[in-house]
Amino acid sequence: MALRGPFSRILRSKLGSCSQQTRAESVAVLGAPFCRGQKRGGVEHGPKVIRDAGLVERLSSLDYSVHDFGDLNFPLLEKDEPYMGVKFPRTVGAANKLLSGAVSRAVGAGHRLVMLGGDHSLAIGSVSGHARQCPDLCLIWVDAHADVNTPMCSPSGNLHGQPVAFMLKELKDKVRRLEATALQGFSLLQDDVLSVLQMPEIPGFSWTKPFLSSRDLVYVGLRDVDPGEHLILKNLGIQYFSMRDIDRLGIQRVMEVALDHLLGRKQRPIHLSFDIDAFDPSLAPATGTPVNGGLTYREGIYITEEIHNTGLLSAIDMVEVNPTLGASSEAVEATASLAVDVIASSLGQTREGAHASISVIPAVKSDTEQLCL
């Protein structure tokens, strides 16, 4: 990909202090077997099937020092009544607080982090823990869904559809002046719109505050966005690329624009949060909320290859692999293997193959010698 302008200059410049951590040769793998951010059981087994698909061996073959820290143990609260329609708020909040601390320690120790979910509500803890060490990070969210509902507009109340709303500073604003165009296509009164654009205090989440600006976020792969989420994306000016955009522009141009948007102003660490349902269900059938028309294998791997090529990737979430939803063992294995491919390509596996570095070009041999080799 030929890049020009500020982004190309950044890639030629020396990385900053926190960004240098993303160049470390060690990878920390952390399992988060958690399912209460949504209604389908089984997603808590995602970390195991991804490991069983050969994740640690694959990363080790890329010459990383891999430290598998096992799975976190999440307490389940006996009494956790819904709040404003949000289900299991205290349980999800406690799990993310625990995860945030673990992620912060791993990144602070100089590891690249691979977080294996579990459902996507875990991104609250994963990204916030990363931000504790690297407050200037940017976030690439690869997903069929925007996951930026607030409790005021969430159709389901499931927190795996709301994690980004907990991160955005703009959703804590008390007063917002809306442009008339932002209301087009919505049957909400202005007071209702204002409530959608504000994130209330939720029990279980007093430990975290918004830490991400809307300009520091890019979505790739969207194709199932709720009305309230669409309002938030448009009103906050969040950069996103739907599957229609990928069809129209091509994945190369999408990634060029996405990375220039995030890195064109300054170099900073990248957090990649990857929901396996970003792929078409024909490739990743073992997941809870599949949506037709998703990423092809080549598009998904190209996304991660380009992120790796920046040299700035610091942490990865891989979430929503649910082995209980696969119609067969082959479907589960295909989904888990795809998750491993995504993680490995994010960390340097290439489709050109792995080659030992050669410091000296060997002398040309005679035809006879060549035939004897």
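Backbone N, Cα and C atoms are what each Cβ position is placed from, and that goes for glycine too.
As annotated by TrEMBL, Mn(2+) binding site applies to H120, D143, H145, D147, D275, D277.
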What other residues of the same chain, not counting H120, D143, H145, D147, D275, D277, have a CB atom within 8 A of the CB centroid of the Mn(2+) site?
W141, A144, A146, H160, G161, A278, T289, V319, E320
Quick check on the binding-site residues: of H120, H145, whose CB has the lowest count of neighbouring CB atoms inside 10 Å?
H145
